[in-house]
Amino acid sequence: MKTLFIDRDGTINKDCPYCHNPSDLFIYPDAVDLLQRYQDDGFRIIIVTNQSGIGRGYFTESQFKEFSDFMNDKLKENGIVISAIYYCPHKPEDSCNCRKPETGLFSEVLEDYKVDIPSSIVVGDRNEIDGEFARRIKLPFRLLRH
């Protein structure tokens, strides 16, 4: 299935320092429009996000999941279904293979889903991270800034 791989903080929601509190959630209206258009065009929506706040001890995986569930509920109110969220909990200096722009999260998705790679796309707010991730997995990239 064609898939939209989309970043979270700064792309779907306003980036706050280590977002993890549901009361801090602000979803960009243009991101909702974009997600709706891709979903209407038959794309599966998967979030791929770096969450170094977990590795730094600023918040727990449980808090991350609570924030994610809250965001997903808000998106569902707009008819948007997020199929999955893949995240890297590591700090940049941990040199893992899952922190974007590394491709480990993409490999995880491919283990779990059948992806029509030629028809898929990456959307994010940072060319040096999300764009480089897209280039490494050989997918087109769309920059979304608010």
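The backbone N, Cα and C atoms fix where each Cβ goes, and this holds for glycine too.
Feature list (source: Swiss-Prot):
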{"type": "BINDING", "residues": "D7, D9, D125", "note": "Mg(2+) binding site"}
{"type": "BINDING", "residues": "D7, R8, D9, D15, C16, P17, Y18, T49, N50, Q51, S52, R99, K100", "note": "substrate binding site"}
{"type": "ACT_SITE", "residues": "D7", "note": "active site, nucleophile"}
{"type": "ACT_SITE", "residues": "D9", "note": "active site, proton donor"}
{"type": "SITE", "residues": "T49", "note": "site 'Stabilizes the phosphoryl group'"}
{"type": "BINDING", "residues": "C88, H90, C96, C98", "note": "Zn(2+) binding site"}
{"type": "SITE", "residues": "R99", "note": "site 'Contributes to substrate recognition'"}
{"type": "SITE", "residues": "K100", "note": "site 'Stabilizes the phosphoryl group'"}
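Locations of recorded Swiss-Prot features on the structure.
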residue: D7; record: Mg(2+) binding site; Cβ neighbours (10 Å): 22
residue: D9; record: Mg(2+) binding site; Cβ neighbours (10 Å): 19
residue: C16; record: substrate binding site; Cβ neighbours (10 Å): 13
residue: Y18; record: substrate binding site; Cβ neighbours (10 Å): 17
residue: T49; record: site 'Stabilizes the phosphoryl group'; Cβ neighbours (10 Å): 22
residue: N50; record: substrate binding site; Cβ neighbours (10 Å): 26
residue: C88; record: Zn(2+) binding site; Cβ neighbours (10 Å): 23
residue: H90; record: Zn(2+) binding site; Cβ neighbours (10 Å): 20
residue: C98; record: Zn(2+) binding site; Cβ neighbours (10 Å): 19
residue: R99; record: site 'Contributes to substrate recognition'; Cβ neighbours (10 Å): 23
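For the binding-site residues given as S52, C96, K100, D125, the lowest number of other CB atoms within 10 Å of the residue's CB is seen at C96. As a whole number, the greatest separation of Cα atoms within the substrate-binding residue list D7, R8, D9, D15, C16, P17, Y18, T49, N50, Q51, S52, R99, K100 is 19 Å.
For the binding-site residues D7, N50, S52, H90, a Cα-Cα cutoff of 10 angstroms around R99 (site 'Contributes to substrate recognition') retains N50, S52, H90. Ranking the binding-site residues C16, S52, D125 by the distance of their Cα atoms from the Cα of C96 (Zn(2+) binding site) places S52 first. If you measure from the Cα atom of K100 (substrate binding site) to that of T49 (site 'Stabilizes the phosphoryl group'), you get 8 Å. Separating the Cα atoms of C16 (substrate binding site) and T49 (site 'Stabilizes the phosphoryl group') is a whole-number distance of 14 Å. Cα to Cα, D7 (Mg(2+) binding site) and C98 (Zn(2+) binding site) are separated by 14 Å. In terms of Cα spacing, the binding-site residues C88, H90, C98, D125 that come within 10 Å of S52 (substrate binding site) are C88, H90. Ranked by Cα separation from Y18 (substrate binding site), the recorded positions D9, T49, D125 are led by D9. Of the recorded residues, H90 (Zn(2+) binding site) and N50 (substrate binding site) place their C-alpha atoms 8 Å from one another. Among the binding-site residues D9, C88, D125, the ones whose Cα sits within 10 Å of the Cα of T49 (site 'Stabilizes the phosphoryl group') are D9, C88, in sequence order.
Using N50 (substrate binding site) as the reference Cα, a 10 A cut-off selects D9, C88, C98 from the binding-site residues D9, C88, C98, D125.
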